[in-house]
Amino acid sequence: MLDIHAHCFMVGKCIEEIRDMIVVESGLNYETNEIVLEESKQENVYFSAGLHPTEVVKLSELEIEKTIKQIKNLCENSKCIGVGEIGLDYYWHKDKKEIDKQKHYFRKLLELAESIKKPVIIHSRDAELDCLEIMESYNIKAVMHSFMPKKDWKIALNKALDLGYYISIPAIIVKNKRLKKIARDTPLEKMFTETDSPFLDPEGNRNNRPYKVKYAIEEIAKIKGLDFEEVESQIDKNFNELLNLN
Ligand SMILES: [Zn+2]
């Protein structure tokens, strides 16, 4: 099984409990990028080095520049799958100044990913179409993490798929009708599975863990009329494809 997007570092013991699966731990800022690098010393753990849009709003220009340099360096590590999470967040940020700052640094981070030929892992909460509109000018591979647009989901999904991006389906799909439609309309070859642990717990206990990605795989299998193993193995293939290991 693959959980392509988790933040185990937020919860004690989460990372040590990972067995028989691959997890990509996702950094949010300078400090957590260092933590996920450390976690990736564990065999089945990869990481992505990022700067969350909410952090972009909070930090000074100097702190942001320092983090962008760090991300560039971390991307040279063989366990680093790419730049993320990065993106735009209009759920927590509605102020124009804050949004403009997010967009400015989102472009810088996309430029970086393009220049070092690394994939990006995208946070696009309530900002899916704006994210995609910015991203389309870059020659990049992208994973749209926990992709569940509230507005115009079909338009946003088609645009992401037209651009060749991957759609990552979180385990909370078991409780979300919109995600079920998104999974139905996304080819398995363009799909990933994730938990966003410790957030988005499908069991509703605020206690999400990477092993719960099995719920996403089960649900996708049900929707597509396939076996669990067929979905699991295609998603593993997609991961190799993303990392250019095929
Ligand atoms: Zn996340």
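Cβ coordinates are placed from backbone N, Cα and C, and glycine is handled just like the others.
Listed features, source TrEMBL:
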type: BINDING; residues: His5, His7, Glu85, Asp196; note: divalent metal cation 1 binding site
type: BINDING; residues: His123, His145; note: divalent metal cation 2 binding site
Express the distance between the Cα positions of His5 (divalent metal cation 1 binding site) and His145 (divalent metal cation 2 binding site) as a whole number of Å.
7
List the Cα distance (Å, whole number) between His123 (divalent metal cation 2 binding site) and His7 (divalent metal cation 1 binding site).
13
Please report the distance from the Cα of Asp196 (divalent metal cation 1 binding site) to the Cα of His145 (divalent metal cation 2 binding site), rounded to the nearest angstrom.
8
Work out how many Å separate Glu85 (divalent metal cation 1 binding site) and His145 (divalent metal cation 2 binding site) at their Cα atoms, rounded off.
8
Just counting, how many other CB atoms are there within 10 A of the CB of His5 (divalent metal cation 1 binding site)?
28
